[in-house]
Amino acid sequence: MEKFELHILGCGSALPTTRHFATSQVVNLREKLFMIDCGEGAQMQLRRSRLKFSRLNHIFISHLHGDHCFGLLGLISTFGLLGRTADLHIHSPKGLEELFAPLLSFFCKTLAYKVFFHEFETKEPTLIYDDRSVAVTTIPLRHRIPCCGFLFEEKQRPNHIIRDMVDFYKVPVYELNRIKNGADFVTPEGEVIPNHRLTRPSAPARKYAYCSDTIYRPEIVEQIKGIDLLFHEATFAQTEQVRAKETHHTTAAQAAQIALNAEVKQLVIGHFSARYEDESVLLNEAAAIFPQTVLARENMCITINNYTDTRDYDPL
(Lines of atoms letter the chains of each structure in order from A and count residues from 1; the text may use other names and numbers.)
(Lines give C-alpha, C1' and ligand atoms only; values in the text may rest on other atoms or scores of the structure.)
Protein backbone atom coordinates (compact mmCIF):
# COMPACT_ATOMS: atom_id res chain seq x y z
CA MET A 1 0.00 0.00 0.00
CA GLU A 2 1.33 3.41 -0.95
CA LYS A 3 2.27 5.95 1.68
CA PHE A 4 -0.37 8.17 3.27
CA GLU A 5 0.94 9.83 6.42
CA LEU A 6 0.10 12.78 8.63
CA HIS A 7 3.02 14.57 10.30
CA ILE A 8 2.21 16.89 13.21
CA LEU A 9 4.67 19.79 13.17
CA GLY A 10 2.87 21.93 15.75
CA CYS A 11 -0.32 21.56 17.79
CA GLY A 12 -0.41 24.64 20.02
CA SER A 13 -2.81 27.58 19.77
CA ALA A 14 -2.26 31.34 19.56
CA LEU A 15 -0.15 31.90 22.69
CA PRO A 16 3.42 30.55 22.29
CA THR A 17 4.62 28.07 24.92
CA THR A 18 7.73 25.99 25.52
CA ARG A 19 5.61 22.84 25.13
CA HIS A 20 4.21 23.33 21.64
CA PHE A 21 4.89 24.90 18.28
CA ALA A 22 2.11 26.80 16.52
CA THR A 23 -0.25 24.87 14.28
CA SER A 24 1.23 23.15 11.24
CA GLN A 25 0.96 19.73 9.63
CA VAL A 26 2.23 17.91 6.57
CA VAL A 27 0.36 15.24 4.62
CA ASN A 28 2.61 12.81 2.76
CA LEU A 29 0.58 11.09 0.05
CA ARG A 30 2.56 8.88 -2.32
CA GLU A 31 5.71 10.94 -1.57
CA LYS A 32 4.02 14.26 -2.41
CA LEU A 33 4.04 16.65 0.55
CA PHE A 34 1.17 19.02 1.32
CA MET A 35 1.46 21.47 4.22
CA ILE A 36 -1.61 22.49 6.21
CA ASP A 37 -1.15 25.80 8.01
CA CYS A 38 2.28 27.24 8.66
CA GLY A 39 2.75 28.61 12.16
CA GLU A 40 6.04 29.95 13.50
CA GLY A 41 8.79 27.35 13.51
CA ALA A 42 7.28 25.22 10.75
CA GLN A 43 10.54 25.02 8.81
CA MET A 44 12.43 23.82 11.90
CA GLN A 45 9.80 21.16 12.47
CA LEU A 46 10.02 20.07 8.84
CA ARG A 47 13.67 19.25 9.47
CA ARG A 48 12.95 17.48 12.74
CA SER A 49 10.35 15.33 11.01
CA ARG A 50 12.91 14.46 8.31
CA LEU A 51 10.69 15.69 5.50
CA LYS A 52 12.27 16.77 2.23
CA PHE A 53 11.70 20.45 1.44
CA SER A 54 11.90 19.74 -2.29
CA ARG A 55 8.76 17.59 -2.21
CA LEU A 56 6.60 20.35 -0.73
CA ASN A 57 4.87 22.28 -3.52
CA HIS A 58 1.45 23.13 -2.05
CA ILE A 59 0.57 24.86 1.23
CA PHE A 60 -3.03 25.16 2.46
CA ILE A 61 -3.85 27.96 4.93
CA SER A 62 -7.10 27.61 6.89
CA HIS A 63 -7.46 31.26 7.90
CA LEU A 64 -5.50 34.45 8.35
CA HIS A 65 -4.66 34.35 12.05
CA GLY A 66 -0.97 34.63 12.79
CA ASP A 67 -0.55 31.30 14.56
CA HIS A 68 -1.57 29.63 11.29
CA CYS A 69 0.53 31.63 8.81
CA PHE A 70 3.42 33.49 10.51
CA GLY A 71 5.84 30.75 9.44
CA LEU A 72 5.28 31.33 5.73
CA LEU A 73 7.77 34.14 5.16
CA GLY A 74 10.64 32.29 6.82
CA LEU A 75 9.85 29.09 4.94
CA ILE A 76 9.69 30.89 1.59
CA SER A 77 12.98 32.64 2.33
CA THR A 78 14.68 29.39 3.33
CA PHE A 79 13.50 27.70 0.15
CA GLY A 80 15.24 30.51 -1.73
CA LEU A 81 18.48 30.07 0.23
CA LEU A 82 18.41 26.36 -0.61
CA GLY A 83 18.27 27.13 -4.33
CA ARG A 84 14.70 26.09 -4.96
CA THR A 85 13.50 26.52 -8.56
CA ALA A 86 10.13 24.71 -8.49
CA ASP A 87 6.98 26.82 -8.19
CA LEU A 88 5.32 27.06 -4.77
CA HIS A 89 1.52 27.24 -4.56
CA ILE A 90 -0.24 28.70 -1.51
CA HIS A 91 -4.00 28.14 -1.16
CA SER A 92 -5.88 30.34 1.29
CA PRO A 93 -8.96 32.44 1.98
CA LYS A 94 -8.97 35.88 0.37
CA GLY A 95 -6.47 38.41 1.69
CA LEU A 96 -3.25 36.43 2.10
CA GLU A 97 -1.63 37.62 -1.12
CA GLU A 98 -2.38 41.24 -0.25
CA LEU A 99 -0.70 40.75 3.14
CA PHE A 100 2.37 38.88 1.91
CA ALA A 101 3.12 40.53 -1.43
CA PRO A 102 4.87 43.56 0.17
CA LEU A 103 6.87 41.28 2.49
CA LEU A 104 7.99 39.07 -0.38
CA SER A 105 8.95 42.04 -2.52
CA PHE A 106 11.08 43.41 0.33
CA PHE A 107 12.66 40.28 1.86
CA CYS A 108 12.60 37.81 -1.03
CA LYS A 109 13.53 39.87 -4.09
CA THR A 110 15.94 37.32 -5.56
CA LEU A 111 13.91 34.12 -5.37
CA ALA A 112 14.71 31.74 -8.22
CA TYR A 113 11.19 30.31 -8.04
CA LYS A 114 7.67 31.69 -8.29
CA VAL A 115 5.13 31.87 -5.49
CA PHE A 116 1.51 31.60 -6.63
CA PHE A 117 -1.41 32.50 -4.37
CA HIS A 118 -4.72 30.73 -4.99
CA GLU A 119 -7.55 32.29 -2.98
CA PHE A 120 -10.93 30.69 -2.34
CA GLU A 121 -14.28 31.35 -0.68
CA THR A 122 -14.95 29.62 2.62
CA LYS A 123 -18.76 29.46 2.73
CA GLU A 124 -19.29 26.33 0.60
CA PRO A 125 -17.25 23.14 0.06
CA THR A 126 -14.94 23.85 -2.88
CA LEU A 127 -12.52 21.63 -4.77
CA ILE A 128 -9.25 23.57 -4.63
CA TYR A 129 -6.69 20.97 -5.71
CA ASP A 130 -6.91 17.88 -7.89
CA ASP A 131 -4.31 15.56 -9.39
CA ARG A 132 -3.96 11.86 -10.19
CA SER A 133 -3.35 10.98 -6.54
CA VAL A 134 -5.56 13.22 -4.43
CA ALA A 135 -8.39 15.74 -4.37
CA VAL A 136 -8.51 18.50 -1.73
CA THR A 137 -11.84 20.09 -0.84
CA THR A 138 -12.54 22.87 1.65
CA ILE A 139 -14.70 22.22 4.72
CA PRO A 140 -16.63 25.37 5.73
CA LEU A 141 -15.96 26.24 9.38
CA ARG A 142 -17.12 29.05 11.69
CA HIS A 143 -14.47 31.19 13.32
CA ARG A 144 -14.06 34.88 14.03
CA ILE A 145 -12.82 35.42 10.47
CA PRO A 146 -13.36 33.40 7.26
CA CYS A 147 -11.99 29.92 7.87
CA CYS A 148 -12.16 26.43 6.44
CA GLY A 149 -10.79 22.97 6.99
CA PHE A 150 -9.52 20.60 4.32
CA LEU A 151 -10.60 17.14 3.20
CA PHE A 152 -7.89 15.06 1.50
CA GLU A 153 -9.37 12.24 -0.58
CA GLU A 154 -7.00 9.73 -2.11
CA LYS A 155 -7.86 8.65 -5.66
CA GLN A 156 -8.85 5.02 -5.96
CA ARG A 157 -6.05 2.91 -7.37
CA PRO A 158 -6.75 0.53 -10.31
CA ASN A 159 -7.39 -3.14 -9.58
CA HIS A 160 -4.42 -5.47 -9.23
CA ILE A 161 -3.74 -7.93 -12.03
CA ILE A 162 -3.74 -11.63 -11.07
CA ARG A 163 -0.68 -12.66 -13.02
CA ASP A 164 -1.44 -16.39 -13.14
CA MET A 165 -4.90 -15.78 -14.63
CA VAL A 166 -3.60 -13.27 -17.16
CA ASP A 167 -0.99 -15.79 -18.27
CA PHE A 168 -3.57 -18.59 -18.37
CA TYR A 169 -5.86 -16.64 -20.72
CA LYS A 170 -2.90 -15.28 -22.70
CA VAL A 171 -3.99 -11.67 -22.24
CA PRO A 172 -1.91 -9.33 -24.45
CA VAL A 173 0.13 -6.68 -22.64
CA TYR A 174 -1.73 -3.86 -24.41
CA GLU A 175 -5.00 -5.02 -22.76
CA LEU A 176 -3.71 -4.82 -19.18
CA ASN A 177 -4.52 -1.15 -18.51
CA ARG A 178 -8.11 -1.63 -19.64
CA ILE A 179 -8.45 -4.69 -17.44
CA LYS A 180 -6.94 -2.88 -14.43
CA ASN A 181 -9.64 -0.24 -14.87
CA GLY A 182 -12.48 -2.77 -14.90
CA ALA A 183 -12.83 -4.04 -18.47
CA ASP A 184 -13.56 -7.69 -19.25
CA PHE A 185 -11.32 -9.59 -21.66
CA VAL A 186 -12.59 -11.19 -24.87
CA THR A 187 -10.48 -14.08 -26.18
CA PRO A 188 -9.79 -14.52 -29.92
CA GLU A 189 -12.48 -17.23 -29.84
CA GLY A 190 -15.04 -14.75 -28.52
CA GLU A 191 -15.20 -16.01 -24.92
CA VAL A 192 -15.78 -13.20 -22.41
CA ILE A 193 -13.56 -13.50 -19.34
CA PRO A 194 -15.12 -11.39 -16.55
CA ASN A 195 -12.89 -8.86 -14.88
CA HIS A 196 -13.18 -10.42 -11.43
CA ARG A 197 -11.34 -13.52 -12.69
CA LEU A 198 -8.39 -11.44 -13.82
CA THR A 199 -8.03 -8.88 -11.03
CA ARG A 200 -8.34 -8.37 -7.31
CA PRO A 201 -9.51 -5.08 -5.81
CA SER A 202 -6.98 -2.51 -4.71
CA ALA A 203 -7.15 -1.21 -1.16
CA PRO A 204 -9.99 1.27 -0.54
CA ALA A 205 -9.09 4.92 -1.07
CA ARG A 206 -8.27 6.73 2.18
CA LYS A 207 -9.49 10.07 3.53
CA TYR A 208 -8.16 12.61 6.02
CA ALA A 209 -9.88 15.78 7.28
CA TYR A 210 -8.39 18.78 9.10
CA CYS A 211 -10.81 21.00 11.04
CA SER A 212 -9.33 24.04 12.82
CA ASP A 213 -10.20 26.69 13.95
CA THR A 214 -13.94 26.51 14.53
CA ILE A 215 -16.82 26.76 16.93
CA TYR A 216 -18.73 23.48 17.45
CA ARG A 217 -20.20 22.88 14.00
CA PRO A 218 -22.30 19.70 13.53
CA GLU A 219 -22.97 20.74 9.92
CA ILE A 220 -19.61 19.30 8.85
CA VAL A 221 -20.53 15.74 9.84
CA GLU A 222 -21.97 14.69 6.49
CA GLN A 223 -18.93 15.90 4.56
CA ILE A 224 -16.51 13.88 6.70
CA LYS A 225 -18.69 10.79 7.20
CA GLY A 226 -16.69 7.59 7.57
CA ILE A 227 -13.25 9.06 6.93
CA ASP A 228 -10.14 7.26 8.13
CA LEU A 229 -8.65 10.07 10.23
CA LEU A 230 -9.97 13.36 11.59
CA PHE A 231 -7.90 16.12 13.15
CA HIS A 232 -10.20 18.45 15.08
CA GLU A 233 -9.23 21.36 17.26
CA ALA A 234 -9.90 20.92 20.98
CA THR A 235 -8.73 24.22 22.39
CA PHE A 236 -10.65 23.97 25.67
CA ALA A 237 -12.09 21.48 28.14
CA GLN A 238 -15.86 21.34 28.56
CA THR A 239 -15.59 23.39 31.77
CA GLU A 240 -14.61 26.30 29.49
CA GLN A 241 -17.52 25.82 27.09
CA VAL A 242 -18.63 29.45 27.44
CA ARG A 243 -15.12 30.68 26.69
CA ALA A 244 -14.92 28.33 23.71
CA LYS A 245 -18.12 29.75 22.27
CA GLU A 246 -16.99 33.35 22.86
CA THR A 247 -13.71 32.77 21.02
CA HIS A 248 -15.22 30.52 18.32
CA HIS A 249 -13.31 27.43 19.38
CA THR A 250 -14.26 23.86 20.28
CA THR A 251 -14.03 21.79 23.45
CA ALA A 252 -12.53 18.31 23.53
CA ALA A 253 -15.96 16.82 24.22
CA GLN A 254 -17.44 18.64 21.23
CA ALA A 255 -14.63 17.44 18.95
CA ALA A 256 -15.28 13.88 20.10
CA GLN A 257 -19.00 14.27 19.44
CA ILE A 258 -18.23 15.32 15.86
CA ALA A 259 -16.04 12.23 15.43
CA LEU A 260 -18.70 9.97 16.91
CA ASN A 261 -21.50 11.36 14.75
CA ALA A 262 -19.34 11.22 11.63
CA GLU A 263 -18.33 7.61 12.35
CA VAL A 264 -14.66 8.34 11.66
CA LYS A 265 -12.08 5.65 12.35
CA GLN A 266 -9.73 7.75 14.50
CA LEU A 267 -9.67 11.24 16.01
CA VAL A 268 -6.62 13.37 16.73
CA ILE A 269 -7.20 16.47 18.86
CA GLY A 270 -4.92 19.49 19.01
CA HIS A 271 -4.67 23.31 18.99
CA PHE A 272 -4.39 23.18 22.77
CA SER A 273 -4.88 26.29 24.88
CA ALA A 274 -1.73 27.35 26.75
CA ARG A 275 -3.65 27.11 30.04
CA TYR A 276 -3.40 23.30 30.05
CA GLU A 277 -0.04 22.08 31.31
CA ASP A 278 -1.50 18.58 31.57
CA GLU A 279 -3.48 17.88 28.41
CA SER A 280 -4.66 14.49 29.67
CA VAL A 281 -7.79 16.30 30.86
CA LEU A 282 -8.61 16.98 27.20
CA LEU A 283 -7.79 13.42 26.14
CA ASN A 284 -9.89 11.88 28.91
CA GLU A 285 -12.81 14.14 28.10
CA ALA A 286 -12.74 13.24 24.40
CA ALA A 287 -12.04 9.52 24.90
CA ALA A 288 -15.06 9.20 27.20
CA ILE A 289 -17.20 9.98 24.15
CA PHE A 290 -15.01 8.65 21.33
CA PRO A 291 -12.45 6.09 22.58
CA GLN A 292 -10.38 6.12 19.37
CA THR A 293 -8.92 9.50 20.30
CA VAL A 294 -5.25 10.46 20.57
CA LEU A 295 -3.54 13.70 21.57
CA ALA A 296 -1.54 15.43 18.88
CA ARG A 297 2.11 15.98 19.72
CA GLU A 298 5.04 17.44 17.86
CA ASN A 299 6.93 15.03 15.60
CA MET A 300 4.08 12.54 15.67
CA CYS A 301 3.58 10.61 12.44
CA ILE A 302 0.27 8.84 11.82
CA THR A 303 0.06 6.27 9.04
CA ILE A 304 -3.35 6.06 7.38
CA ASN A 305 -3.94 2.54 6.07
CA ASN A 306 -7.71 2.13 6.52
CA TYR A 307 -6.52 1.62 10.07
CA THR A 308 -4.03 3.89 11.80
CA ASP A 309 -0.82 3.63 13.74
CA THR A 310 1.34 6.33 15.23
CA ARG A 311 5.01 6.85 15.84
CA ASP A 312 7.35 9.67 16.78
CA TYR A 313 10.48 10.89 15.06
CA ASP A 314 13.40 11.67 17.34
CA PRO A 315 14.43 15.30 16.77
CA LEU A 316 17.61 15.57 14.72
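Just so it is clear, glycine is given a Cβ too, placed from its N, Cα and C backbone atoms.
Together with HIS63, HIS65, HIS143, the Zn(2+) 1 site in Swiss-Prot holds one more listed residue from ASP37, ASP184, ASP213, which is ASP213. Annotated Zn(2+) 2-binding residues in Swiss-Prot are ASP67, HIS68, ASP213, and among HIS7, HIS271 the one listed with them is HIS271. With a cut-off of 8 Å between CB atoms and residues at least 6 apart in sequence, the same chain places ALA22, THR23, ASP37, CYS38, GLY39, ILE61, SER62, ASP213 near HIS68 (Zn(2+) 2 binding site), listed in sequence order. The secondary structure of HIS68 (Zn(2+) 2 binding site), as reduced to three states from DSSP, is helical.
Within 10 Å of the C-beta of ASP67 (active site, proton acceptor) we count 23 further C-beta atoms, all protein chains included. Listed in sequence order, ALA14, HIS143, ILE145, ASP213 are the same-chain residues at least 6 apart in sequence whose CB falls under 8 Å from the CB of HIS65 (Zn(2+) 1 binding site). The record gives ASP67, HIS68, ASP213, HIS271 for Zn(2+) 2. Within 8 Å of the mean position of their Cβ atoms, the other Cβ atoms in that chain belong to SER13, ALA14, ALA22, THR23, ASP37, GLY39, SER62, HIS63, HIS65, SER212, GLU233.
Neighbour counts of Cβ atoms within 10 Å were compared for the binding-site residues HIS63, HIS143, HIS271, and the top value is held by HIS271. Following the DSSP three-state reduction, the secondary structure of HIS271 (Zn(2+) 2 binding site) is coil.
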